[in-house]
């Protein structure tokens, strides 16, 4: 199941002679060729239809972001704006606070992804390669987090964070550091699960050689094992970046203002608020601009690194 | 040496385990505890009520509704997503010309894959906000606007989409519209997954079948599909989790987060409503525990059903 990244053609066993055409094939395949052509045309038709269904809504949102409000209302369907209203973006960035949301998201993600990867692989490594009493217990404890719905923990989690904030204000509600730690804790399950199976596959001989050369346990981990796990780290890294970037429930729950201070919202949370508030002061073009700004960076990163992202995410499922 | 190992293991595990215990395990444990009380959430007053909350779950009309809506998503989201993804993967991989080297994938399949995958990298919230605009019930909405232009929909009688509680095939229309978004956003990802699995099936199996005169439909249904069984069952389990997680769509897109008139309530929305609007934390926690038990049973069941001997190539 882990061969998803390999290109197919080269998978065939080495040393196999090239396939010869079937005997008499030239005679039978007249009719089949025709049906093949029809089928080929049908395939393209359907694939194009689906591609349009994926792209058209995205394009429509991006293009609407360049219209002014009156044009959004007058010509809602057109894909080509009369002129490019860049001011929608500056308005969403400033008055819509998207700039602040972006900054918050960035601050949280830098810390949380780094810590998730570090702590997750540390725990997975120890659990995968060292025998000690309680090993299985801890592993299954991490694993159980995969099946539990986050909503169940909502109330006590908020209460725990709130109480923590009374003792240590930096870890209270509406604090970046708190959100970082919460993200890390909730991402550990899958990260440990994924890296655990990865560390298991690493050969023992290299570890032994390093130990003979006098490397300490932690040095063995940081300078031998971790670099060897790079493919796994990339997969799980992409998974965590996207997963935490997309997180909306935890921030909505935890980044609430307690003492009347402004909320430190992340981008997903901010967008929800922006769209819910549309009823009161409708700034359609601003909303479209906001969605566009939340959408385009990820799409561009994806298009540039599409091979890695596709294989990283599908490997995450098929492990 | 032995001592060094113990110190190393503790050192590496201490921080992750502590974080996990405090932010994940402890809240879950507390939730299980609160579910046995009548705690309101805003006061310190709470009494032990035993299993009363759980008994109440069974007679709660709203919960019963939410339960069936969850079941609806649980069946339809994997079913439609996998069917569409398989169909797309089939077209991509065997839709091309047939020649001496066998049946080929369609021209430009790489490009199709990149495009179909787009929704997967967008956050659910972005998708929800975007579709909220597409589903608008006036001429500004993408779908209503298009249909009005070609005259299929009257301007004074637009499609209500997520504000439509009228049942279609016995299920409120709003749920079908939400389902469509879930399938739209998921199909590309599973298509890529199935495509990769299809391509890791050794070519010589196909070659043998084609030599024996099998066409592309035969090879797909008799060879590819059975060999994809593992991947499909994994996809089914994952989509099952996603189906339980439709809350983001319900939260952003439906009137009063579960409306209209409770037509789109699911477990999570009832839970949040009960905890934060009605202020019945104890009861909400009981719902959560029930949901967790339901999820775990379901996961176990699915793994049990789909487990089969693996075919190694």
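Each position is counted from 1, following the chain as shown.
Positions of Cβ are set from backbone N, Cα and C atoms, glycine also.
Remember, TrEMBL labels are computer predictions, not curated facts.
Annotated features, as they stand in TrEMBL:
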{"type": "DOMAIN", "residues": "B:67-302", "note": "domain 'ABC transmembrane type-1'"}
{"type": "TRANSMEM", "residues": "B:12-29", "note": "transmembrane segment"}
{"type": "TRANSMEM", "residues": "B:71-94", "note": "transmembrane segment"}
{"type": "TRANSMEM", "residues": "B:114-134", "note": "transmembrane segment"}
{"type": "TRANSMEM", "residues": "B:174-193", "note": "transmembrane segment"}
{"type": "TRANSMEM", "residues": "B:232-253", "note": "transmembrane segment"}
{"type": "TRANSMEM", "residues": "B:281-301", "note": "transmembrane segment"}
Q: Would you mind listing the long-range same-chain contacts of the transmembrane segment (B:232-253), meaning Cβ under 8 Å and 6+ residues beyond its ends?
A: 70, 73-74, 76-78, 81-82, 85-86, 124-125, 127-129, 131-132, 135, 162, 178, 181-182, 186, 190, 193-194, 264-269, 291, 295, 298-299, 302-303, 305-306
Q) Which of B:12-29, B:114-134, B:174-193, B:281-301 has the most Cβ pairs closer than 8 Å to the transmembrane segment (B:71-94)? A) B:174-193
Q: Mind checking which residues of the chain, 6+ beyond the ends of the transmembrane segment (B:281-301), have their Cβ under 8 Å from one of its Cβ atoms?
A: 28, 31-32, 34-41, 46, 49, 53-54, 56-57, 63, 74, 237, 240-241, 244, 267-268, 270-272, 274-275
